[in-house]
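Straight from Swiss-Prot, the features:
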- Cys98-Cys190: disulfide bond (DISULFID)
- Asn4: N-linked glycosylation site (CARBOHYD)
- 1-25: topological domain 'Extracellular' (TOPO_DOM)
- 47-55: topological domain 'Cytoplasmic' (TOPO_DOM)
- 77-100: topological domain 'Extracellular' (TOPO_DOM)
- 122-140: topological domain 'Cytoplasmic' (TOPO_DOM)
- 162-198: topological domain 'Extracellular' (TOPO_DOM)
- 219-238: topological domain 'Cytoplasmic' (TOPO_DOM)
- 260-272: topological domain 'Extracellular' (TOPO_DOM)
- 294-317: topological domain 'Cytoplasmic' (TOPO_DOM)
- 26-46: transmembrane segment (TRANSMEM)
- 56-76: transmembrane segment (TRANSMEM)
- 101-121: transmembrane segment (TRANSMEM)
- 141-161: transmembrane segment (TRANSMEM)
- 199-218: transmembrane segment (TRANSMEM)
- 239-259: transmembrane segment (TRANSMEM)
- 273-293: transmembrane segment (TRANSMEM)
Amino acid sequence: MLRNGSIVTEFILVGFQQSSTSTRALLFALFLALYSLTMAMNGLIIFITSWTDPKLNSPMYFFLGHLSLLDVCFITTTIPQMLIHLVVRDHIVSFVCCMTQMYFVFCVGVAECILLAFMAYDRYVAICYPLNYVPIISQKVCVRLVGTAWFFGLINGIFLEYISFREPFRRDNHIESFFCEAPIVIGLSCGDPQFSLWAIFADAIVVILSPMVLTVTSYVHILATILSKASSSGRGKTFSTCASHLTVVIFLYTSAMFSYMNPHSTHGPDKDKPFSLLYTIITPMCNPIIYSFRNKEIKEAMVRALGRTRLAQPQSV
């Protein structure tokens, strides 16, 4: 308990405190398995796309490599702490650690939302304007787009961090979640949280809603182009790919919108937890499966990398 007037120096995450020992053990095993699988898949994509393979020397694979890097950063920001709190009895996190975690969630989350929009635009140009693809999406443009996503993530993280911690914290320090989530933390501050929540809402329109509109618009144009030109078999394959991409993207955008585009805080923590789990765990795990492992060139690059590894083993003995 905090004494009246005392300044908060630490927070208590109570997301799993009410869970039984058996439930925490089950959640620990589940989250550890999902985290390990996600790290392995995204790590493999980073290795494959950064590996000097001429067939993967295109903007799309450059985007995929950075998407996997963002997913690794994003899931590492939250899951390791969750695993620790499922084992230990004290769920205390320092004020500085909470600020740091929130910054990286903001930074990486915003960068990924923007990058996914750029990736959708890349596919739009490649399919709808194939003859102009190289001039429009050159290597220089590709690097600038990725740099823009990272830059806006870094800058936006600073802005949202200031908005979240502009008021002092002298009240309750119990966070009803399994990590430091901005809307809940803001509700613990001394001042009126509505200004900060509205600022986050306005910011989310720019960094979440706008990329989502660009992404959906790009895929709608892709589908329209394919339906007018491709054969029936080509239509089915492209429709399946676009549908799977849109599904993952909508999961990310809608779950983030539900958590951050809610200035009146009408949703309780228990209702928000599934959405938080969706964009912190499920999306980073699904991205490599949907975007990379279904790609023929990625599969062939994995086979070539495995073949080179096997050939190198006898020489090292």
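Backbone N, Cα and C define each Cβ position, glycine as well.
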DSSP says Cys98 (disulfide bond), in three-state terms, is helix
Run the contact check on the transmembrane segment (199-218) against the transmembrane segment (56-76): 3 or more C-beta pairs under 8 Å, excluding pairs closer than 6 in sequence. no
When the disulfide-bonded residues Cys98, Cys190 are compared by other Cβ atoms within 10 Å, fewest goes to Cys190
Long-range Cβ contacts under 8 Å made by the topological domain 'Cytoplasmic' (122-140), restricted to residues 6 or more beyond its ends, are 59-60, 62-63, 218-219, 221-222, 225-226, 238
Per the Cβ under 8 Å criterion, with at least 6 residues separating them from its ends, the transmembrane segment (101-121) contacts 60, 63-64, 66-67, 70-71, 73-74, 77-78, 81, 93, 145-146, 148-150, 152-154, 156-158, 160-161, 164, 179-182, 185, 207-208, 210-212, 214-215, 218-219, 245, 249, 252-253, 256, 279-280, 291
Residues outside the transmembrane segment (26-46) whose C-beta sits under 8 Å from one of its C-beta atoms, at least 6 past its ends, are 16, 19, 64-65, 68-69, 71-72, 75-76, 79-80, 82-83, 86-87, 281, 284-285, 287-289, 292-293, 298, 302
Taken over the topological domain 'Cytoplasmic' (122-140), the predicted model's pLDDT averages 90
With the cut-off at Cβ under 8 Å and a gap of six or more residues from its ends, the chain residues touching the topological domain 'Extracellular' (77-100) are 8-17, 24-25, 27-28, 31-32, 34-35, 108, 161, 165, 169, 175, 178-180, 185, 280-281
Simplified to three states, DSSP reports Cys190 (disulfide bond) as coil
